[in-house]
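Here is the structure we will look at, set down as structure tokens.
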């Protein structure tokens, strides 16, 4: 009782509105409105307008292309500088070992990881719009680059191939194969950068929306498995070929297992020790995040310890542990990538360009939302394109945003792109001054760093339980992206996952939810009658809603669902009527023949007594037959033809975003078929763009006018009630 009183009191306190207006259909509404006059521009005028340049417009374009010109003059030194310095040093300390480690993933010598950690990072400071992401080497992209490099230059091929003198002039490789792989990686970076730059200039930043979160997470989880398996041979210190393409994970594991007996125990002990130290360090950083002023840089500590132990114990000579090897001092002269490689790696470059952009933009959006600023997706494409394409002339491979470094850069107080620039300067100091000190660094240490950094990606296996509870379709996208990328390789896996994600969108529009709506008493609000007890239907009126647009893929299911939900199938009713009319005609014909025969029998009878006895029977029969004949056609029809108790059908077009030619024909067919069985079809809440599409598709004619379209469901319901009332009178 108290609950009911509280509910009534709440209703009394709620605001109410009362509007008295005519019942609007589109014909009446359009007659009372006046369209704004718009003079359409010709193509020449549009081109002239876009090419017109004022000082304000030029300044705006310059600031958009070089965001640093906008934020650097306003940089608050006292507030931001200290945080940016601490963040830059912390990120740089991570950038150095990760650059060396991810170079192994990219199948190039470690020094090229340092180049990729300097040039692109420094360039992003000028062109990027995100204040917090850390650009540079990233495991997934490095793995994709390494897959292409190994495919183009397999381990079996050593010396036969194309010219690579522009790389080898100033750098001696331990293996000629490495020079060729560097050329593949560099050309791939150049091409992916050009693709990103073109997409950005053409304002194609929206392409990232096709890489949905479940797809990206499934893809990166598979990439983590690829990365982990590729590092097993470095951790164990064994020599195996590197595989790429479909089933490369299976081949890699099989190769490692086949040579497991040749494991280098010293390399394994060093690697496992580093893994334990890194995991302990990460756990301490996580547990005492608030107490620590900056995270403990365990990666650089492990690199320093590993280098010291390797040099002191001479692990390379004494225990045959593979080390980083030669790291040339200083920067290298720019060189043009091998253009003739482009046709062979074009598709891979597209995949790397889109994945790299998607990673960077998704991370940039998270930080922008957290700190209250906006990023420009198209400018991010341009920035990444410049970083990759320009960096490729200085022998850097493809880069993107690193999740782990970005989190460190943001959590240690980074406020602007200055932090990223300082981290690149730290890498520069290593390249030009102390790079040679890291030559004794065991490769197993780098493998340990890579494996531990995959911990966050492996946690994404928990997505399976999450998506199982929330959305089975998104779970299917995750599983397909994971399995396809794991088994087919990252390039074909990505294409397969994107294709499957698009198919799920088509599936959702092909199989929408259909419902019958009813009215909440004393309101103009209409809800699903099967969901709420209070919702009631109007007698003789059915309101049908589908939560999808009407087009070629779902027009047939729309029609069948309409018939099923309303319980009115015009085709079935018309067929039943025709069948009933034929049956009735046969009955009349049989009755006439029987009456004629009875009459002849009476006339032929010579016995008046028998005739007199049978007359009442025949009289009754004849009178019944006569009454059947005396029935009017309308009465016959009412007596034998199936009738529907629905006189009006309202189609709610609120969720409809577009209608194609097939959808328009289907709609017209529905109106015509239901009209034949005495049911008037009306359309409610049709948006302006959909109205314009119907007009362009010649939907309206003498039979189907705009009077059938109403501004709202309630307008349509009141109109149906008015027409039914006038018809009954």
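From the backbone N, Cα and C atoms, a Cβ is placed for every residue, glycine too.
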Practice prompt. Tell me which range among 418-438, 439-459, 523-543 TrEMBL lists as transmembrane segment.
Written response: 418-438
Worksheet item: Mean pLDDT over the domain 'STAS' (531-720): what is the value?
Response: 78
Worksheet item: Taking the transmembrane segment (475-507) as reference, which of 184-211, 292-313, 418-438 has the most Cβ pairs under 8 angstroms?
Response: 184-211
Discussion item. Between the transmembrane segment (249-280) and the transmembrane segment (418-438), are there three or more CB pairs that fall under 8 A, provided the residues in each pair are separated by 6 or more in sequence?
Written reply: no
Practice prompt. Find the member of 100-127, 184-211, 249-280, 292-313 that has more C-beta pairs under 8 Å to the transmembrane segment (341-361) than any other listed stretch.
Written response: 184-211
Item to complete: Among 100-127, 249-280, 292-313, point out the range having the most Cβ pairs under 8 angstroms from the transmembrane segment (184-211).
Response: 100-127
